[in-house]
Amino acid sequence: TADGRMDIPPSPRGYQHSPSTMTGVDVLGMGGSLLRGLNPSLVSQPPPSTEETGSDVCFVGQDGANDVLCRDLPDGMRNNIGSWYLSPERHAAEMAVVTAVCVLLMATILPRLPRRPDPKPGVNALRPPLIIRIISVTFFLLQFGYKYVGYPGRTLTMLLPCNILWSLHAVLAVHPSLSTHAANIIVQIMIPYSGLAAVALAVPDTGDCVLPGEVVFFYSHHVALLLFPAYYVGWGGASLQPAHGETHLGSFARWYGLTCAAFALFYFDVAVPLSVWSGLNLNYMMSPPPTPGDIVGGPNFRVVSIGCCAVLFLAMRSMATMAEAGAR
């Protein structure tokens, strides 16, 4: 201008001068990029369970020429292949929401849980008898053995819910210094989780059970998972009834909320990254499970699955609570 000052043109509409401003879309994009970077070989859709073209691709080669064909994979593996059925950005968004909700729930609930003291210093009142400990450890070791000698990465399927249940049963059986309070928390969340064993029996997926005796073991260990909660509540000293000073509704809501939050947090924040990294569809976190009529599918399949699990946990805890009250 005439007075020596520089004219600054007006900013275009919507332009923000701060280059450091990031939108939610930018954050999700970064999260999606990080997930995709864990395994660039994932295919865009789950491969068919049986060979269709003679050259079905299960993993994409990094140079576009060295694809891994499904027919070349070890027995049982192609039925458990991960994929970008959901976009990496969708994974990142769901992980962020679930983490925030579950951490808030657990931070609210855990300090309010009634503390169950040891009857004597160092004595766990819920430690099972020797025969139950032997059965628990035997099932755990057999399960781990089948996974260990299977296809590459199959040991990660020990993170599936029913295998986690056997891990928790093994902890109850062999942990030398587990407190009664910690054991009670484990039992309280295991009882609703046992409903997942009923689902596994109702809709069995034995596509990767290819080792000798594995199908029989699949059914036997799921039946055992349904029976063990009856022992802990009926004879093992556990109780689903409210502690002294608690209301029935308050006690039920706290334990139910903790059950749902712990389950969702583990599978979204642990199982999803491991699924991407390993290329396996752990606990169907990458693509939906086979269901009659494909009732669980589409981009919201995990939201539907969360709802189904929440209803199942509610039903299992309700039935177990009423059964205990009726028996006593």
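Just so you know, glycine gets a Cβ as well, placed from its N, Cα and C.
Copied over from TrEMBL:
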- 1-23: region 'Disordered' (REGION)
- 92-110: transmembrane segment (TRANSMEM)
- 130-149: transmembrane segment (TRANSMEM)
- 155-175: transmembrane segment (TRANSMEM)
- 182-203: transmembrane segment (TRANSMEM)
- 215-234: transmembrane segment (TRANSMEM)
- 255-280: transmembrane segment (TRANSMEM)
- 300-320: transmembrane segment (TRANSMEM)
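Segment contact holds for the transmembrane segment (155-175) and the transmembrane segment (255-280), given three or more CB pairs below 8 angstroms at sequence separation of 6 or more. By number of Cβ pairs under 8 Å, the transmembrane segment (215-234) is matched best by 130-149 from the list 130-149, 255-280, 300-320. Relative to the transmembrane segment (92-110), the listed stretch 255-280 leads the set 182-203, 255-280, 300-320 in CB pairs under 8 A. Non-local neighbours of the transmembrane segment (300-320) in the same chain are 86, 94, 191-196, 199, 229, 233, 240, 252, 255-256, 259-260, 263-264, 284-285, 287-288; each lies 6+ residues outside the stretch with a CB under 8 Å from one of its CB atoms. Cβ atoms under 8 Å from those of the transmembrane segment (182-203) belong to residues 113, 116, 124-127, 161-162, 164-165, 168-169, 171-172, 218-219, 222-223, 225-226, 228-229, 232-233, 236, 238, 240, 255-256, 258-259, 262-263, 289-292, 309, 312-317, 320 of the same chain, restricted to positions at least 6 beyond its ends.
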